[in-house]
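Remarks on the structure that follows.
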Amino acid sequence: MRQRMSRMPSSFYIHTFGCQMNQADSEIVTALLRAEGFVPSADETNADIVLLNSCAVRENAEERLGNILMHLKGRKRRCKELVIGVLGCVPQFERERVFSDYPFVDFIVGPDNYRELAGLVAGLREAVARPALLDYDQTETYAGIEPVRAGSISAFLPVMRGCNNHCAFCVVPVTRGRERSVGFERVVAEVVALEKAGFREVTLLGQNVNSWRDAEKGLDFAGLLEGVSLAVPSMRIRFTTSHPKDISEALVKVIAARPNLCNHIHLPVQSGSSRMLDLMKRGHTREEYLDRIAMIRSYIPEVAITTDLIAGFCTETEKDHRETLSLMEAVGYDTAFMFHYSVRPGTWAARNLPDDVPDTVKKARLQEIIELQNAISREIFQREIGKTVEVLAEAESKRSESMLMGRTPENRVVVFSRGRFNPSDTLLVKITGATSATLSGEAV
């Protein structure tokens, strides 16, 4: 039972955790709430409603969610009218735990139920029980809702939701449901609208974006990319995230042929061991993954490839770990998201495999992966010194107002003296320095 509110809350603030899809969802939630008269707050302390758009992919994201919730518990003790809601993936598959561990949370809402959020908040004054909106909607894509975007240069655009792959370690099919795609014409119309609004770059999003389909038009993701590229030839186009088994030669040919499709592919491998990949239910072997890398580079020699890596998955041996390290060297990733394995409730691995790699071993293997990737990244970035590259300026550098930060088509971050340039400008920069994470240079 919850305490009834004496007044209607009017302002809100959103904490966003996790992936780009969650960032896009927070922009959709902002639009839906604003349409019903709620006002975004610039900071949490002045908001009547604090929403936490949660991520369940890894344990550390849930830990950060818990830390902020405990901070809000103290604030709610001082201000009982504060409304706290948890959105997204965590409540979708751990409803009872959210309510039991955090009894001060007023409501929870899953990723398919954001259209009902404003009505839920409006009804809180009369609610006795804590509302939970967690129904799956296999048709919901939020198409037609114009997000309130956080930036004005680069935009995220979800083109599909959900995932049908059921990898052993992954909660996404549980939290996001089955795959469904936004239609071709709707995607193109939204990208054209972004261009007219002044955006210079768009990233097409999906948990498994290469599975996008428009059955009525007989189009796959290669057809979508080509259509979007032709519709907005002056915009940079990116996409994420891809599954290795779905990277087709036709798709790579489109990227190679269209100048505004960025030469960057994020292709999560998770492990370099075929035994591990089989246990993870990834649907490909080490050799098949390397064949796809070779195919990509045969069409796009200058492509930047990035990845995700998991250290210490169930039953992983030292031999399996060494195969991951050797694959990293063979591919030469620009960068990687690197984590040690944490059990996710509701996954196939949680039900069927022992989490038998000691934490000390997981952390040691992860550190080896990080150190190797840093060395590979440093070598790749140092090879850029002396080259002149195209950069889309995105913002002032955190180091100095006299510097700008931008990215190359390969998604490499470049910091340079701003001179006469401003954010949203596209310019040429001669690279003069490099670390394992950043390039630096001078505008040409």
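Here the Cβ of each residue, glycine as well, is placed from N, Cα and C on the backbone.
Positions annotated as domain 'MTTase N-terminal' by Swiss-Prot: 10-126. Per Swiss-Prot, the feature [4Fe-4S] cluster 1 binding site maps to C19, C55, C89; the stated evidence is sequence analysis. Among the features that Swiss-Prot reports, domain 'Radical SAM core' is placed at 149-379, with the record citing sequence analysis. Taken from Swiss-Prot, the feature [4Fe-4S] cluster 2 binding site applies to C163, C167, C170, supported by sequence analysis. According to Swiss-Prot, the domain 'TRAM' annotation covers 382-444, on the basis of sequence analysis.
Here the features listed in Swiss-Prot are placed on the structure.
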| residue | record | DSSP (3 states) |
| --- | --- | --- |
| C19 | [4Fe-4S] cluster 1 binding site | coil |
| C55 | [4Fe-4S] cluster 1 binding site | coil |
| C89 | [4Fe-4S] cluster 1 binding site | helix |
| C163 | [4Fe-4S] cluster 2 binding site | coil |
| C170 | [4Fe-4S] cluster 2 binding site | coil |
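DSSP places the residues of the domain 'MTTase N-terminal' (10-126) in helix, strand and coil in these numbers: 60 helix, 23 strand, 34 coil.
Across the structure, C19 ([4Fe-4S] cluster 1 binding site) and C167 ([4Fe-4S] cluster 2 binding site) are spaced 18 Å apart at their Cα atoms. Same-chain residues at least 6 positions away in sequence with a Cβ under 8 Å from that of C170 ([4Fe-4S] cluster 2 binding site) are, in sequence order, V57, C163, R344, T347. Scoring each of the binding-site residues (C19, C55, C89, C163, C167) by how many neighbouring Cβ atoms lie within 10 Å, the top position goes to C89. C89 ([4Fe-4S] cluster 1 binding site) sits 17 Å from C167 ([4Fe-4S] cluster 2 binding site), taking the CA atoms of both as reference points. Annotated [4Fe-4S] cluster 1 site C19, C55, C89; additional same-chain residues within 8 Å of its Cβ mean position, judged by their own Cβ, are F17, G18, M21, N22, S54, A56, V57, A61, G88, T175. C55 ([4Fe-4S] cluster 1 binding site) and C167 ([4Fe-4S] cluster 2 binding site) are 17 Å apart (CA-CA, integer value). Other than C163, C167, C170, the residues of this chain whose Cβ falls within 8 Å of the Cβ centroid of the [4Fe-4S] cluster 2 site are, in sequence order, N165, H166, F169, V171, V172, P173, Q207, N208.
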